[in-house]
Each structure stands twice: as C-alpha cells, then as structure tokens.
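**Student:** Heads up, here are the entries from TrEMBL:
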type: TRANSMEM; residues: 134-156; note: transmembrane segment
type: TRANSMEM; residues: 163-181; note: transmembrane segment
type: TRANSMEM; residues: 221-242; note: transmembrane segment
type: TRANSMEM; residues: 249-267; note: transmembrane segment
type: TRANSMEM; residues: 273-294; note: transmembrane segment
type: TRANSMEM; residues: 301-324; note: transmembrane segment
type: TRANSMEM; residues: 330-350; note: transmembrane segment
Amino acid sequence: MWMETKTEVGEASRSRASFSRRALNALLLCTGDMKHLDEYMQDKLFVLQLAVWGLRGVARVILANNPLSGALILAALYWASPWQGLLGTVGVLVSTLTAIIMGQDSAEVSGGLHGFNGMLVSLLMGAFSSAGDWYWWLLLPVCFGSATCVFLFSGLSSVMDRWDLPVAVFPFNIIIFLYLLCTGQDNPYFPHRQALPPGALEPNGTTLIAVEVIRGIPLGVGQIFACGALGPSLLILGAVLLYSPLLAVHALLGSAVGTLAGLSMAVRHGSLYSGLSGFNGALGCMAVGGLFFTFSWRTHLFAIASAFLSAYADIALCNLLGTVGLPACSWAATLTATLMLLMTGSLAAYRIPICQVMAPEHNLRSRSQWAAGNTAERESTDV
C-alpha cells in the first residue's frame, strides 16, 4: 500500500513537472522574434500573412518585432481610444500594402519595416486633430501620409545603408512636420492643436505631485504610441516584456531618466504627469540598451547616457519648435540613436550589424558568432 502511494505521488510530481515544461516551452515560442511563425505562414492566405506583417509593423514602433506584441499593443490602442486604434490600423495597412504594390523587398515587408512609420503618422494626425473623434475626412491625409512614408523609407534606405544605419522613424518625423505645416492650426478641413513648449510657465509652478510624476514613468512608454492612459500604457509595456524583458527594463529606465531630465529643467507639470517628458528617453535607452548594441555594463551605462541626451535634446527641440506651434515628435531620440551608432572607439565593438538585429537576449547569445564572422571578413579583405 505504501509503495503504491509512493508511486502515485511520483507520477503526479512528474506530470506536474512535464506540464510546467510544456507551459514554459509554449511561452518561449511566443517571445522574441517568432521566426517560426513566418515559416508557418508561408503557404497561408494572403490576408492572414498581411495581418502578421501588419502586427509586426505595430510592434516595430516600440523597437519590437513580435506579432503577438503587436496584437497586444493594438488592443491597448483600441482600449484607450477606438478612433485612435482605427487610425493606427488604417495607417499600418495602407503603408504595408503600398510597399507590396511598389515591389519593396519581401523580407522588409514581412518584417513590418514598411508599416510602423505609417502607423505613427496616422496616430499623430489623430492625436493633434482638433476636429474630434470620428472625423472621417481625416482618413484622407492618413492614407496619403502613410503611403508617402514608403517612398521616403525606400529613398532614405539607399543612403543610410552606406553607413549600416537604420532608417528608423525619419519618414514619420518628416511627414508629420509637412502635414502640420501645410494644414496650419485654423485649417477649415484638417484643423489641429498647437504644440505647447514644455518650458512654458504655468500658475502652479511651485507645486508638484510626486504620485503623478511616478505615474508618468509608465505613461512615457505609452506616449510612444500617443497614448496617455495608464492601463493601456501598462499593456503596451507588457507587450514589450513579452518580446524582450531586457528591452522592457530599458524602456522604463529611459522613461524615468527622461522624467528626471524634465524635473531638472523645470518643464511644465503636464509634460511630467502625461509621460511626454519620458518617451524620447525611453526610445533612446531602448535603442542602445540591447537592440543595436549587445548588452554589457558598458552599453548599459551608454544606454543611460543616451536616454539623458535624448531627453534634453527633446526639451530643447520642443522649446524651439513650440514657438511656431510644432511638436518635436521623436526627432531627439532618432537623431541621438543615429549618432550613437556612428560612434567609434571601444563601444563600437559592441554594435550589432543592422541586418542581424534581433531580440536583445538573442543578440547577447549570438554576439560571439557575428563578431567572429566580422573579424574573418576583415581579415579576408585585408589579404
């Protein structure tokens, strides 16, 4: 009797361990870049493939490359504002379909590289529109701007590839600037709100609510998608965590650094509370802290420095462009990350070739492989 009980307990223990392993393996399949999903979707319907490509484009906005992360982010946007969610969906689909019609590289299309700029353009057009939600005429500039992003991406990539640099969100920043300058604040068809400089004085300049400042740190991650609600912002952060825990940590860290930079410059409390002070710092920190550079204590400190530089540059650009009613968007983080990638010296040894950028954890494991390959290539060139 005792032996039978012992055997049953052992079998139950093994069954629980087996279930835990299966659950862990299933979870791991949903993390990282999910390359196995691309292989599975090769012979599926075009509509299903387009959905996966679009979801990758959604995730690319926050430097991730995971369709499940993209689905979570899209759900967060619909949660925060169904209108913004619809605009984002239209933007990513229009830009992806435009890239297909133009015959752009299939690997770039399937990787979502032609979708994220279009999505950002559509989200910012909606965020700055003063016509309110469900203003259907806004779909015209959304579609046109999203399609134009593909032309800019294709043209800029031929230039940036010479220095092994990503095109990033240069097309988005250019298009949104052109749109806001063309329409103007009082345009009868597409009116938009005027951007306010973060250094503008306010009546309660001496009162600061610490809880609201802390709340603004996760909101800084959501502001990458022009989302200012706490719940959806936490879901967006969870989507990044699903793709890469290391990237999620750097997103929060960069947003905190950006908030600290805003405090040091006495920016408007609204910028601190809403997360607008933190999102450029988050992007700058994420780009360096494991995505374009392999993670180490050197690159970690480098990422913090990048976050500070992005945040201070954003404050300066916001004050400058705010005088003419324009937002600084993500110019600060984009330019900072580009400069960081152009740096020489010992930190350049940690830089990952753009064509081999994957989830930070995978980059950490494969650094010795691509470093050895680059060394062999240099030696063969020297001979």
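Positions of Cβ are set from backbone N, Cα and C atoms, glycine also.
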**Student:** Mind pulling out the one from 134-156, 163-181, 301-324, 330-350 with the most Cβ pairs under 8 angstroms to the transmembrane segment (249-267)?
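**Tutor:** Per the Cβ count, the answer is 301-324.
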**Student:** Are the transmembrane segment (330-350) and the transmembrane segment (163-181) close enough that 3 or more Cβ pairs fall under 8 Å, when only pairs 6 or more apart in sequence count?
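**Tutor:** Yes, these stretches are in contact.
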